[in-house]
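Asker: Questions regarding the structure given below will be posed in turn.
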Amino acid sequence: MEKLSMVTSLLCAITVAVLAVAVVSGEAAVVEHTFVVHEMNATHLCNTTKIYVVNGQFPGPTVDVTEGDTVVVHVINKLPFGLTIHWHGVRQMRSCWADGAGFVTECPIPPGNEHTYRFNVTGQVGTLWWHAHVTCLRATINGAFIVRPRDGKYPFPTPAKDVPIIIGEWWELDLIELDRRMMDGNFDDNPLSATINGKLGDLSNCSRMVEESFILDVKHGESYLLRVINTALFSEYYFRVAGHTFTVVGADGNYLTPFKTDMVTVAPGEAIDVIMVADAPPAHYHMIALANQPPEPDPQIPVFTSRGLVRYAGTTANNNGLPVPMPIMPNQHNTMPSYYFHANLTGLAHPERHRVPMHVDERLFVTLGLGSICRGQNTTCKRRRSPETIVVATMNNVSFAHPKTTALLERYYDGTSKGVYTEDFPIRPPRPFNYTNRDLIPPGPLEEALEPTFKATKLKRFKYNTSVEIIFQSTTLMQSDSNPMHLHGYDVFLLAQGLGNFNAKRDVRKFNYHNPQLRNTVQVPRGGWAAIRFVTDNPGMWYLHCHFEFHIIMGMATAFIVEDGPTPETSLPPPPPEFKRCGNNGLSQP
């Protein structure tokens, strides 16, 4: 946890205390927290930076609940601009109003104001997380959201302890300024280091002052449930502990078939549960979180790494005179371990939850790439790369224009959407092409012919109880990134992933209908595709976006409208009393 400045410390000590109350009612409880969001100063690498935190903590407080509980979080905004809190992965069944997606389900909480989020957590067990959902604030405003089984039983031996491992990034640049620069088309800024639970690690130093490392204390022979969460804005991470192996047992609040590995790959937005047994000779062992990135000709950024420590009870600070073992990490440009890790995971079959829809009502084929538009306009610029153009991210050649003064859900519910959005999000790209041709990465005539792009707020509407299949296809238009796609309000069946261009005749045979993963964030591999299915059983307005922050800001997003079902129990209820409509609420955005 970072140290507070004196003023902020007094503020938090006198006026702000974390309130976490569990009021037992029958089998379920009400778990209540107060989140005070404020600025504070933190010093790393010889520089003091203003950061934005909850209750003086980076990462923020852990929300720890049992399946079936009601969660109540009072958010007090002491920032000079608005923000929302999103409960990443919580299904929010019939509680879309509490999803916390800025300008999608609600307008940001204005400066000096308060807002209460209230929702139930049902049908989910495992690791989720929460984070700010406006601008780049989630880099430091985030925390774990743990859902424990109601009966206290796991489908694996109960661990001695569970520990959140929150992987993030340390930015010296003010996050609000970072957001402004990216909104203006400047993507040259980078974090200075990776972090593990807010610690930069001893590989980072300045003037021979070594940064603090996260330390995991263990006892020989005991097992530990590591809840590995990637909160980073920019990068997917490889995570390894020297001398130890993992058993992957869950992801995104759902159990997985146990999978043994010596390295975890976690994309932005993902939460991976792994069991680590402390079965190595008692000593100290390094853990490493290493960012990966595509090789050239993709744009290159520095290597981000954080190093922590696993420390066995009874061992000495000098590690008994032996060097501390280091894990051997992949080359940062080798993205294949990510593909193999994700493709090898399967869901733990459950007769009630794993009912893959075999009939498909609507199919979408969604390409993910980049394009460019003229500044001040919403269409592709023919002036090539110049100050008059701005690079955007697209889905089927449409870059999402995020609302700035109103919330899409409110307009939909009130029937006042005219002029705010349209419901013609394209279900396929304008024309097929060789989506993974690496000759498209450098800007040029070949890429330019396929690039035509426009910016608009285009949504897709579904009737209640529609069976939907989406093929996400990563492209090499100006870059070849992977794309961690996150759908709010839903768990989706991840039927298959593959490399190259999706081919229906060939690749449908690879679909796993027996025990697919249930995920809220799907890693679409670099130069590849992912196939998902889900049933629209949760009415409301649900944001779909890439979880790379620069892709969100550039427009790789849309929203799905799910209509009400035939009964009150299948319909979105009116907004709760605590919901504040946008209106003239003194909203101040950076």
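Cβ atoms here come from the backbone N, Cα and C positions, even for glycine.
What you see is a predicted model, and the numbers here were worked out from it, not measured in a lab.
What Swiss-Prot records for this protein is below:
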type: DOMAIN; residues: 36-152; note: domain 'Plastocyanin-like 1'
type: CARBOHYD; residues: ASN41; note: N-linked glycosylation site
type: CARBOHYD; residues: ASN47; note: N-linked glycosylation site
type: BINDING; residues: HIS88, HIS131, HIS547; note: Cu cation 2 binding site
type: CARBOHYD; residues: ASN120; note: N-linked glycosylation site
type: BINDING; residues: HIS133, HIS488, HIS545; note: Cu cation 3 binding site
type: DOMAIN; residues: 161-315; note: domain 'Plastocyanin-like 2'
type: CARBOHYD; residues: ASN205; note: N-linked glycosylation site
type: CARBOHYD; residues: ASN344; note: N-linked glycosylation site
type: CARBOHYD; residues: ASN378; note: N-linked glycosylation site
type: CARBOHYD; residues: ASN397; note: N-linked glycosylation site
type: DOMAIN; residues: 424-566; note: domain 'Plastocyanin-like 3'
type: CARBOHYD; residues: ASN434; note: N-linked glycosylation site
type: CARBOHYD; residues: ASN465; note: N-linked glycosylation site
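Can you walk me through where each of these features ends up in the structure?
Answerer: The domain 'Plastocyanin-like 1' (36-152) scores a mean pLDDT of 97 in the predicted structure.
A strand conformation is recorded for ASN47 (N-linked glycosylation site) in the three-state DSSP classification. For ASN47 (N-linked glycosylation site), the Cβ neighbour count at a 10 Å cut-off comes to 10, with all displayed protein chains included.
Using a 10 Å radius centred on the Cβ of HIS547 (Cu cation 2 binding site) and all shown protein chains, the other Cβ atoms total 25.
Cβ contacts within 10 Å of ASN120 (N-linked glycosylation site), excluding its own Cβ and spanning all protein chains shown: 19. DSSP assigns ASN120 (N-linked glycosylation site) to a strand.
Secondary structure at HIS545 (Cu cation 3 binding site), taken from DSSP and collapsed to helix, strand or coil, is strand.
Over all protein chains present, the Cβ of ASN205 (N-linked glycosylation site) has 13 other Cβ atoms lying within 10 Å.
In the three-state DSSP assignment, the secondary structure recorded for ASN344 (N-linked glycosylation site) is coil. For ASN344 (N-linked glycosylation site), the count of additional Cβ atoms within 10 Å of its Cβ stands at 11 [all protein chains shown].
Within 10 Å of the C-beta atom of ASN378 (N-linked glycosylation site) sit 13 other C-beta atoms, taking all shown protein chains into account.
For ASN397 (N-linked glycosylation site), applying a Cβ distance below 8 Å and a minimum sequence separation of six or more within one chain yields THR367, GLY371, PRO426, PRO429, PRO430, GLU451, PRO452, THR453, PHE454.
Neighbours of ASN434 (N-linked glycosylation site), defined as other CB atoms within 10 A of its CB across all chains, total 14. Secondary structure from DSSP puts ASN434 (N-linked glycosylation site) in coil.
Here the Cβ of ASN465 (N-linked glycosylation site) has 15 other Cβ atoms within 10 Å, regardless of which shown protein chain they belong to. Under the three-state DSSP scheme, ASN465 (N-linked glycosylation site) falls in the coil class.
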Asker: Please report the distance from the Cα of ASN120 (N-linked glycosylation site) to the Cα of HIS545 (Cu cation 3 binding site), rounded to the nearest angstrom.
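Answerer: With the alpha carbons as reference points, the distance is 24 Å.
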Asker: Between HIS133 (Cu cation 3 binding site) and ASN47 (N-linked glycosylation site), how far is it from one CA atom to the other, in Å?
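Answerer: Rounded to the nearest whole number, the Cα-Cα distance is 27 Å.
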Asker: Tell me, in order along the sequence, which recorded positions from ASN47, ASN205, ASN344, ASN378, ASN465, HIS545 have their CA within 10 Å of HIS88 (Cu cation 2 binding site).
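Answerer: If one measures from the Cα of HIS88 (Cu cation 2 binding site), no recorded positions come within 10 Å, so the answer is none.
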Asker: C-alpha of ASN344 (N-linked glycosylation site) to C-alpha of HIS547 (Cu cation 2 binding site): distance in Å?
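Answerer: With the alpha carbons as reference points, the distance is 22 Å.
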Asker: Near HIS88 (Cu cation 2 binding site), how many other Cβ atoms are within 10 Å of its Cβ?
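Answerer: Around HIS88 (Cu cation 2 binding site), other Cβ atoms within 10 Å: 27.
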Asker: Taking the centroid of the Cβ atoms of HIS88, HIS131, HIS547 as the Cu cation 2 site, which other residues of that chain lie with their Cβ within 8 Å of it, listed in sequence order?
Answerer: HIS86, TRP129, TRP130, HIS133, ARG138, ASN142, THR231, PRO268, GLY269, HIS486, THR521
